[in-house]
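Enquirer: Below is one structure. I have some questions about it.
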Amino acid sequence: YDIPPGVNQPAKLRLVLTVLLGTAALGRILEKTGLCSQITFGRYVRQGRKLGLDPKLFIQDLQFNQVPVRVYQPKATSDGPRRGILFFHGGGWVFGSLDTYEKVCRYLSRESDSVVVSVQYRLAPEHKYPAAYQDCLSATLHFLQHLQHYGVDPARVTVCGDSAGGNLAAAVSQSLAGSSELPRLRAQILIYPGLQALDFNLPSYQQNRGVPLLFRERAAFFALLYLNGHALHMKEVLEGSHIPPDMRLKYSKWVSPDNIPEEFKVRGVKPLRPTDFIAEVYETVKRFCEPNLCPLLAEDSVVHQLPESFILTCEYDVLRDDGLLYKKRLEDNGVPVTWYHLKDGFHGIISLYDYCGFSFPSGKRGLDRVVNFLKSL
């Protein structure tokens, strides 16, 4: 792995990474001995710990359309209905839980004076696509139909998520675009989202392939686990052999290094020769072209109906360019976008808020920008 010189507090990041790599190594040992799978052990370590009562929040675990959720409501009296936030956690569709993001959700609820609904969607590989998307959409529909019960203003409901959760937030937002039967979403907040699986060789993938917390190979690995429940053909997907030439040409207007501002191509980017298309691989991954899985591929007729958006990107993140490309698509379709770029940020930095008693300053800065955006709605 590589710790870029621009990352703030590299020693702290190395400490976090050492813990995560040690956990992964132990998980492999446990899997080989047959005690438990590596993924099961990883979930156990990442699950977070139960926190005590919060003096400023009512917190309850419920089910929305049979989907487990945790609802955070400020205790302070309010002059009127509050904002509502649907929060979808990150973790590559494989890891993450309500407890993992407990501190983040409490912070969002307290600091923005909002009702936050954290959604525990089903995880891959046991539950393949579209299970996670369906759970997030189902929980969102339930919340939109019962806003009055939670004292939420129907005109101020936002979907929010980081990484895989940002993917799910974008997909849910697209699914609700243009709906006249439910309250229209006020905004979408996408925190270093993964939005496409056509090109794992965009500039940010080349530049940050070995930068924690998300390596290039792991990004493809998680996408394949979510899609198929296994990571076969990962090599071909990384090389780009999984997309037909005509389809690649069709989507090149949206997924292309040409749409990335030049300032983001100054370090370690080289043009790559196209690889040969392998039809057998495409047959196993062709659902990568569905917008519910890769929201960057949605048609303009959908994108132009999307609500005001906040996108956070990190310089040292393989998913940086997914966010930049979606920012351009939204702006090209007349959607107002607030963009915040952490020049010293890396993937997963928001989820490390108050992690084991410490935070990265840039992550806290990003989280506060999210809060400020919410307060402006």
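In case you wondered, yes, glycine gets a Cβ from its N, Cα and C as well.
Copied straight from TrEMBL:
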- Ser163: active site (ACT_SITE)
- Asp317: active site (ACT_SITE)
- His347: active site (ACT_SITE)
- 85-231: domain 'Alpha/beta hydrolase fold-3' (DOMAIN)
- 276-350: domain 'Alpha/beta hydrolase fold-3' (DOMAIN)
Enquirer: Restricting to the chain of Ser163 (active site) and a gap of 6 or more, list residues whose Cβ falls under 8 Å of its Cβ, or answer none.
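Expert: Listed in sequence order: Gly90, Gly91, Gly92, Ile191, Tyr192, Pro193, Gly194, Leu214, Leu319, His347, Gly348, Ser351.
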Enquirer: Let me know how many other Cβ atoms fall within 10 Å of the Cβ of Asp317 (active site).
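Expert: Around Asp317 (active site), other Cβ atoms within 10 Å: 26.
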Enquirer: Take every residue in the domain 'Alpha/beta hydrolase fold-3' (85-231), average their pLDDT values, and give the whole-number result.
Expert: 97
Enquirer: Pull the DSSP breakdown for the domain 'Alpha/beta hydrolase fold-3' (276-350) and write it out as helix, strand, coil residue counts.
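Expert: Residue counts for the domain 'Alpha/beta hydrolase fold-3' (276-350) by secondary structure: 31 helix, 19 strand, 25 coil.
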